[in-house]
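Let me begin by presenting the structure, written as structure tokens, before commenting on it.
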Amino acid sequence: MDKATIQAHKISDEEYEEILKILGREPNLLELGIFSAMWSEHCSYKSSKKYLNGFPTKAPWVIQGPGENAGVIDVGDGVAAVFKMESHNHPSFIEPFQGAATGVGGILRDVFTMGARVVANMNSLRFGEIRGESELAKKHRYLLKGSVAGIGHYGNCMGIPTIGGETTFDPSFNGNILINAFALGLCKSDEIFYGKAEGVGNPVIYVGSKTGRDGLGGAVMASDSFNDENKSLRPTVQVGDPFAEKLLMEACLELFKKDYIIGIQDMGAAGLTSSSFEMAGRSGSGMKMYLDRVPMREVGMTPYELMLSESQERMLICAKKGFEQKVLEIFRKWDLDAEIIGEVTSSGVMQLYWHDELAGEIPIGPLSEAAPVLDRPVARPKYLDEIANLEIPNNIDNKTAFFKLLKEPEVLNKSFIYDQYDANIQTNTIKQPGCLGAATIRIKESGRAIAMAAQCDPRANFVDPKIGAARAVAAAGRKVAMSGAVPLAITDCLNYGNPQNPEVMWQFKEGCEGIKEACRELNTPVVSGNVSLYNDTDGISVYPTPAIVTVGVNEDANLNLKSTFSSEGRAIYLLGETSGEFAASLYAKALFNVVGGKLKEVDYKAERALWELVIEANKEQILEFANSVGVGGLAITLAKMASISNIGVNCEVKFKEPNFIFDESFSRAVVGVKDEAKFEALATKFGVKFEKIGVSGGKRFKLNEIDESLEDVREIYLNEFAKIVKKED
């Protein structure tokens, strides 16, 4: 094998030596391509696996933790919630519409392949600078519009509501955008399907769309940095067909009602290669596959292309022997391709045939369960010492600061985005995009509700990767708790830069430690997740962005707690300690272009007490609303609530310094109280600091010296974002 071919497959010299040992010979091109895909960062997690070990993954309500297509938790009454978050960062930067659309398609397959009907989508999106007339801003407006259109197109065509998410902007994402997709489905807790292939002689069946050349090398592309040489990689981006996926989902759900199969796996990154090796690897089995039987969309396709294509809307099934025709009939009824392409063996080896000739033979273990794990060098970044001392002037009046922060893209209402998503299809949505807080759906059969919230502050993770990651877990959980639901588990999408940079690996290591700590302390285990590395361009990495989605359950869907005002004259209370924390704050960034300071550790006792107080007060029906205090502090939190509800506020709060209305002290919330005496007694019992700061009502936004027309505040908050994004329209 010539060196140029090996290098083109991103195989290091050490890895090639290991391949020679495994095979006992030189690999052919097909085998090299398979090793390249399965040992890519995207498939093998070779740089991250060391630090993922030790994540809390167990609890009485956890049915399936990491290692399968998606995580599964018990949500009561014999119902299970199946959910996961995935990234499609690199493809979306190259071709935003198809990249984002197929990201949605992939996460949907991960969920419904477990036997669940998907009932909710969410997303977590990061873009660079979108304001102004620079070519960079124009590019990111294009990326934003394309990605959002792709997400909406796929979800809407599938008939699945997109009910929430988060979108933020920072120059650190100028060279790499982050597109993270989340899906949640429901099924019976005793009817879950797994990605395994076992039982010698059991047939292996290919179902779904035909295989083409789209997406070739996608897994390897997603495991590399961007530079001037590889920015035009459109052929590596898959092309999605949501209508084909809708048929595939319905066919799979029909199949799951029968006892015909052993296991089923989505063909995601690395296509037929990853699905076959993962299914056999989990079971310790071997497999024979006859690649000339694979349904092909293009003529002249080779075994190499068939194994590595990432054509969408495809699944691999291990059926029970004797039931293969029943399986084929179901998929053909739905007008999908379905062919028997192989069988399970006991050899522990993958044997690939092309017109009855052996084209490739590889042991399965070293490419699946026993894939290499790297111990990359780590080094604490030098920049941390440079940014540790945050000094910001106190020379800007609060009115000026208020409007400056209100106009920041990450603050502004994102109706331009979520209006492209159908949030109400399936008629289960209780709380949808634009309402603040956790998104919520009802489980009609049980009367319960599932709340879910996405959260991550990249600036906080840049300033302190461990505390920042812990805060993401806590903040996502708090949003769920503020809806009245009990947070139960998380899924994560860990977006970091180039792992070959020791400082990036240190950020990743610290981020994992923060997640472990927070999940243990808050009793929200990790049940699924994804790692996306190489989010860097020309040596510049994105801010560490460990996106978290927390899922929780409210025993009574009728007690879902709102996040905004719904009446006038309601007492408003601020819960938690305000200590003047401006580290990594929007105030420091927007007004002084400074990102730095020292984050305070998460006070888990205070965080848990806040959750428990609001959940209990909601059960006693003494709250009208509850909302987490987040970016921009109390002032921006109240401005959002007033704008959405079209109800003013009149608040006066005694802080040490006037600008503390913008501070981002952690573990705080704003609540509307119906019975003040009862609530204050309850808050005292739980040990949560409280202060009555005002009332809702009127058409003014009043907070200390800020006294503005609510109409003016609403005009900015509700309409400014669309004006920014639509500049070229």
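Any Cβ shown, glycine's included, is placed from N, Cα and C.
Among Q238, Q265, Q351, Q500, only Q238 appears in Swiss-Prot as part of the substrate site alongside S87, H88, N89, H90, R109, E310, S311, Q312, S532. Residue pair S87 (substrate binding site) / N530 (Mg(2+) 1 binding site) shows a Cα separation of 7 Å. Among the recorded positions H42, Y45, K84, N89, D492, G529, the ones whose Cα sits within 10 Å of the Cα of D110 (Mg(2+) 2 binding site) are K84. In the set H42, D266, E310, Q312, none of the recorded positions has a C-alpha within 10 Å of the C-alpha of K84 (ATP binding site).
Cβ neighbour counts within 10 Å, taken over all protein chains shown, single out E310 as the most crowded of the binding-site residues E86, D110, D266, E310.
The Cβ of R109 (substrate binding site) lies under 8 Å from the Cβ of N69, E245, L248, M249, D266, G268, E313, M315, each on the same chain and at least six residues away in sequence. Taking the C-alpha positions, the distance from E86 (Mg(2+) 1 binding site) to G529 (ATP binding site) comes to 7 Å.
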